[in-house]
Amino acid sequence: MAYPFQLGLQDATSPIMEELLHFHDHTLMIVFLISSLVLYIISLMLTTKLTHTSTMDAQEVETVWTILPAIILVLIALPSLRILYMMDEINNPSLTVKTMGHQWYWSYEYTDYEDLNFDSYMIPTQELKPGELRLLEVDNRVVLPMEMTVRMLISSEDVLHSWAVPSLGLKTDAIPGRLNQTTLMAMRPGLYYGQCSEICGSNHSFMPIVLEMVPLSYFETWSALMV
């Protein structure tokens with residue numbers, strides 16, 4: 001869950017988000033070391049009185065600053081590619097949910113059930129109850145079982161949208177005429193908030209997403225009541 005004046009990423013709830021956080025820290029450390037080295041060299045160049053005017057080239061230095069950046073890029077690319085392949089893998093999902101973006105709300109369909117579908121609209125500010133979050137609460141939450149692989153099929157009825165839930169490491173474009181897919185798995189129960197992350201018109205900011213992750217027994221009870 002995000003909080004005011006937050007500077008870092010949200011706490012990870014899924015294995016993919018855990019991997020993304022580790023990759024972020026890994027890459028940030030490399031960038032920090034490179035920046036420190038460059039600033040150190042610049043400070044030396046600005047403060048030293050020594051000059052080396054007789055040397056026109058230095059092959060050893062050129063070799064180092066050619067090979068070293070290549071090694072650094074490999075160290076960044078390999079874990080990045082690993083995570084990309086992990087995000088694309090969809091192995092035997094336990095549940096499939098289709099979501100469609102509209103101006104300006106989301107609709108959901110549980111394809112494993114005959115008649116389980118609903119629209120999800122933002123609750124206006126004047127109708128919020130004490131403790132509820134402005135611009136993030138919806139009238140119908142997406143209830144899903146925790147610790148199970150869920151496949152999301154995402155598309156749009158009108159313009160470009162983007163279905164994003166940061167704490168699960170999810171962000172998939174909803175494109176008219178195209179069906180994109182992604183998977184999610186929450187490791188603990190709770191409410192997880194997201195929003196449309198693609199400018200889609202005047203009410204773009206009023207398309208929240210709320211996932212309610214519950215144990216399987218609670219999900220089965222909820223789905224039986226909804227059907």
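Backbone N, Cα and C atoms are what each Cβ position is placed from, and that goes for glycine too.
A quick note: this is a predicted structure, and the numbers were derived from the prediction, not measured.
Per Swiss-Prot, the features are:
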type: BINDING; residues: H161, C196, C200, M207; note: Cu cation A1 binding site
type: BINDING; residues: C196, E198, C200, H204; note: Cu cation A2 binding site
type: BINDING; residues: E198; note: Mg(2+) binding site
type: MOD_RES; residues: Y218; note: phosphotyrosine
type: TOPO_DOM; residues: 1-14; note: topological domain 'Mitochondrial intermembrane'
type: TOPO_DOM; residues: 46-59; note: topological domain 'Mitochondrial matrix'
type: TOPO_DOM; residues: 88-227; note: topological domain 'Mitochondrial intermembrane'
type: TRANSMEM; residues: 15-45; note: transmembrane segment
type: TRANSMEM; residues: 60-87; note: transmembrane segment
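Where Swiss-Prot records a feature, it is marked here on the structure.
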{"residue": "H161", "record": "Cu cation A1 binding site", "Cβ contacts under 8 Å, 6 or more apart": "G101, D173, A174, C196, E198, C200, M207"}
{"residue": "H204", "record": "Cu cation A2 binding site", "Cβ contacts under 8 Å, 6 or more apart": "W104, C196, E198"}
{"residue": "Y218", "record": "phosphotyrosine", "Cβ contacts under 8 Å, 6 or more apart": "none"}
If you take the centroid of the Cβ atoms of C196, E198, C200, H204, the listed Cu cation A2 site, which other residues of that chain have their Cβ within 8 Å of it?
G101, W104, V159, L160, H161, S162, S197, I199, G201, M207
Around the recorded Cu cation A1 site, report the further residues of that chain (criterion: Cβ within 8 Å of the mean position of the Cβ atoms of H161, C196, C200, M207; site residues excluded), sequence-ordered.
G101, Q103, W104, W106, S162, A174, Q195, S197, E198, G201, H204
Which residues of the same chain, at least 6 past either end of the topological domain 'Mitochondrial intermembrane' (1-14), have a Cβ under 8 Å from a Cβ in it?
20-21, 24, 166-169, 184-188, 190-193, 213
Could you tell me which of these binding-site residues, C196, C200, M207, has the fewest other Cβ atoms within 10 Å of its Cβ?
C200
Validating a neighbour-count step here. Other CB atoms within 10 A of the CB of E198 (Cu cation A2 binding site): how many?
18
I want to verify one value. Collapsing DSSP to three states, which class is H204 (Cu cation A2 binding site)?
helix
